[in-house]
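Heads up: the structure comes next, in structure tokens.
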2 protein chains.
Amino acid sequence: MAARQVVNSVRRVAIFGGTHGNELSGVFLVNHWLKHGEEIARPGIEVRPFITNPGAVEKCVRYVDTDLNRVFDSENLRSESNSNTYEVKRAQYINSIFGPKGSEDAYDVILDLHNTTSHMGATLILENSKDDFTIQMLNYIKNSMAPLSCYVLLIEHQRLKYATTRSIAKHPIGVEVGPQPQGVLRADVLDKMRSIIKHALDFMNYFNEGKEFLPCSLEVYKVMDKVAYPRNANGDCTAFIHKNLQDQDWKELKPGDPMFFTLDGRMMAYEGDCTVYPTFINEAAYYEKNQAFTITQKMTLCAQAIRCTPPK
Amino acid sequence: MAARQVVNSVRRVAIFGGTHGNELSGVFLVNHWLKHGEEIARPGIEVRPFITNPGAVEKCVRYVDTDLNRVFDSENLRSESNSNTYEVKRAQYINSIFGPKGSEDAYDVILDLHNTTSHMGATLILENSKDDFTIQMLNYIKNSMAPLSCYVLLIEHQRLKYATTRSIAKHPIGVEVGPQPQGVLRADVLDKMRSIIKHALDFMNYFNEGKEFLPCSLEVYKVMDKVAYPRNANGDCTAFIHKNLQDQDWKELKPGDPMFFTLDGRMMAYEGDCTVYPTFINEAAYYEKNQAFTITQKMTLCAQAIRCTPPK
Ligand SMILES: [Zn+2]
Ligand SMILES: [Zn+2]
């Protein structure tokens with residue numbers, strides 16, 4: 001007989017918008033749900049919509065002082081320095097409400113809403129390949145979104161650490177939908193994000209009602225590395241995403257395939273030693289991080305069956 | 001016999017990039033041409049690439065204090081106030097090099113490079129429906145771009161005044177290519193912009209060589225009005241571009257067609273009294289101007305034949 005995990009019911013869920021203040025789908029959905037909560041209400045679950053970076057939302061910029069989505073590490077969360085940035089102060093405040101990170105008191109699930117300028121479609125971001133509950137949820141969402149594509153990006157990595165806003169929850173889930181320019185709200189992108197949230201909440205509702213979710217396997221794209229833009233001695237970008245690679249997120253990139261072009265007409269090919277699946281191709285926010293795209297590999301995760309602890 | 005205008009040869013041309021600092025095609029092309037001028041060199045013409053708003057380019061924002069592309073009116077160009085914004089100071093400096101606006105000393109032609117998040121494709125912006133030389137140039141560019149579409153937007157308007165950066169030239173031409181998110185460089189958009197500049201310079205070269213351009217007619221989209229986002233009493237946007245209108249720049253919008261949607265599921269139709277052609281649909285930079293899209297009407301301009309003053 002297959003193993004089965006028995007997990008506590010889901011009691012507290014947060015939906016974060018505005019972690020990046022110019023990613024408008026989440027900003028407008030969360031602001032809408034703050035006034036009209038019926039759509040996200042589910043029996044027995046506290047579902048709390050929350051704007052995480054109101055300072056950045058106000059100015060319609062990614063962040064005020066520093067990227068909020070990278071400061072949820074123990075050092076920043078504990079820092080008592082007077083020179084803490086706006087975002088570090090916000091992180092501590094958010095952690096005090098929805099955390100503390102790593103504790104029993106932390107929220108069960110946080111869904112953090114993001115947009116990208118990359119052609120990634122509907123993407124779910126998973127942080128932990130051992131988290132069967134979240135894998136089951138993402139599998140449910142992915143199947144419910146079909147025939148629309150829905151990709152899962154696994155950001156678990158030895159070296160690359162993210163310290164995301166949602167990481168304070170027991171089960172953190174990033175929702176990343178694109179392409180959408182910064183500072184723009186597109187109806188098609190909004191619809192996809194809204195469907196993802198509906199299916200996520202439905203899953204938690206069925207789970208709490210006692211439905212058993214059978215063992216499943218989930219195709220994910222695991223982050224392997226980041227590819228930088230070529231720069232000259234002055235630090236200026238000297239090459240850009242090649243037209244053959246533009247908008248080709250999640251598609252095969254093979255050694256020898258065009259990767260960058262220069263303004264004087266040269267092509268630079270991908271020189272890795274195996275086929276990879278690029279994503280976050282030409283994301284606006286990553287120019288300052290000098291990141292042209294992210295390389296992933298496809299793999300399959302398996303999750304045990306899960307069922308809720310029977311009600312007392 | 002048809003009338004023919006005899007016009008002086010073109011001596012001085014400027015190519016402006018970075019009038020909006022986060023519209024990267026022009027920024028990178030102009031920076032490239034500042035180092036590698038061969039591509040834009042034409043015999044007997046001074047072609048000067050120039051970054052108009054380096055402060056905004058540095059920060060990758062639209063502007064530092066105020067929109068540079070709206071301050072080239074006589075009041076700002078003459079102001080000696082100590083409290084002039086960064087952009088007003090830049091405008092005066094630019095006017096001192098490439099102007100003075102309205103004088104004989106002004107540059108012959110300024111091509112000002114812009115990007116939009118709207119699906120406008122390759123667009124040329126004309127300021128004056130009586131300027132036969134420019135109409136002939138835009139007609140030449142449009143024909144040279146075929147089979148790629150190339151649209152001409154005429155911004156001459158009784159009430160809406162633009163005071164653009166390029167307006168200091170005798171013949172100002174806006175080049176607007178999209179869709180491209182702010183802060184992103186796309187290869188396809190760059191290619192279109194680069195082709196437009198090549199054809200513009202070729203036209204001026206042929207013209208200077210004495211080629212006669214025969215009478216022509218040019219289809220243009222003339223700006224009629226702007227459509228605002230609906231807002232509530234707090235000034236918050238309450239409706240957004242409907243999915244049927246998104247990406248439909250230059251296509252017919254008829255009375256009764258969907259225009260906006262609200263987050264609680266209502267559709268708002270276009271209520272004008274005739275068919276119009278919308279453009280600048282869902283442009284990121286126009287949220288702060290509260291402008292959802294621009295309404296145009298199609299019309300045809302005619303230009304007389306033109307020929308260069310014979311060389312002495
Ligand atoms: Zn984001
Ligand atoms: Zn612009």
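Positions of Cβ are set from backbone N, Cα and C atoms, glycine also.
Feature annotation from TrEMBL assigns active site, proton donor/acceptor to B:Glu176. Over all protein chains present, the Cβ of B:Glu176 (active site, proton donor/acceptor) has 24 other Cβ atoms lying within 10 Å.
According to TrEMBL, the feature Zn(2+) binding site maps to B:His20, B:Glu23, B:His114. The Cβ of B:His114 (Zn(2+) binding site) lies under 8 Å from the Cβ of B:Thr19, B:His20, B:Glu23, B:Gly26, B:Gly174, B:Val175, B:Glu176, B:Val177, each of these being in the same chain and 6 or more residues away along the sequence.
Long-range neighbours of B:Tyr286 (N-acetyl-L-aspartate binding site) (same chain, six or more residues apart, CB within less than 8 Å of its CB): B:Phe280, B:Ala292. According to DSSP, B:Tyr286 (N-acetyl-L-aspartate binding site) is assigned to a helical segment. Residues or ranges marked as N-acetyl-L-aspartate binding site in TrEMBL: B:Arg62, B:Glu176, B:Tyr286.
Sequence annotations record features per position, and here TrEMBL assigns substrate binding site to B:Asn69, B:Arg70, B:Tyr162, B:Ala163, B:Thr164, B:Thr165, B:Arg166. Other C-beta atoms found within 10 angstroms of the C-beta of B:Arg70 (substrate binding site) number 17, with every protein chain shown included.
Feature annotation from TrEMBL assigns domain 'Succinylglutamate desuccinylase/Aspartoacylase catalytic' to B:10-203.
Taken from TrEMBL, the feature domain 'AstE/AspA barrel-sandwich hybrid' covers B:217-298.
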Neighbour tally for B:Thr164 (substrate binding site), based on other Cβ positions within 10 Å of its Cβ: 24
Among B:Asn69, B:Thr165, which are binding-site residues, the residue with the most C-beta atoms within 10 angstroms of its C-beta: B:Thr165
Around the Cβ of B:His20 (Zn(2+) binding site), the count of other Cβ atoms that are within 10 Å: 27
Cα-Cα distance maximum in Å, computed over every pair in B:Asn69, B:Arg70, B:Tyr162, B:Ala163, B:Thr164, B:Thr165, B:Arg166 that the record assigns to substrate: 10
Same-chain residues at least 6 apart in sequence whose Cβ lies under 8 Å from B:Arg166 (substrate binding site): B:Phe16, B:Ile110, B:Leu111, B:Asp112, B:Glu127, B:Pro172, B:Ile173, B:Gly174
Counts of helix, strand and coil residues, the domain 'AstE/AspA barrel-sandwich hybrid' (B:217-298), according to DSSP: 3 helix, 36 strand, 43 coil
Helix, strand or coil at B:Arg70 (substrate binding site) [DSSP, three-state]: helix
CB-centroid shell, 8 A cutoff, Zn(2+) site B:His20, B:Glu23, B:His114, site residues removed: B:Gly18, B:Thr19, B:Gly21, B:Asn22, B:Gly26, B:Arg62, B:Asn69, B:Leu113, B:Asn115, B:Thr116, B:Glu176
List of residues, in chain order, with Cβ under 8 A from that of B:Ala163 (substrate binding site) and at least 6 apart: B:Asn69, B:Arg70, B:Val71, B:Phe72, B:Asp73, B:Asn76
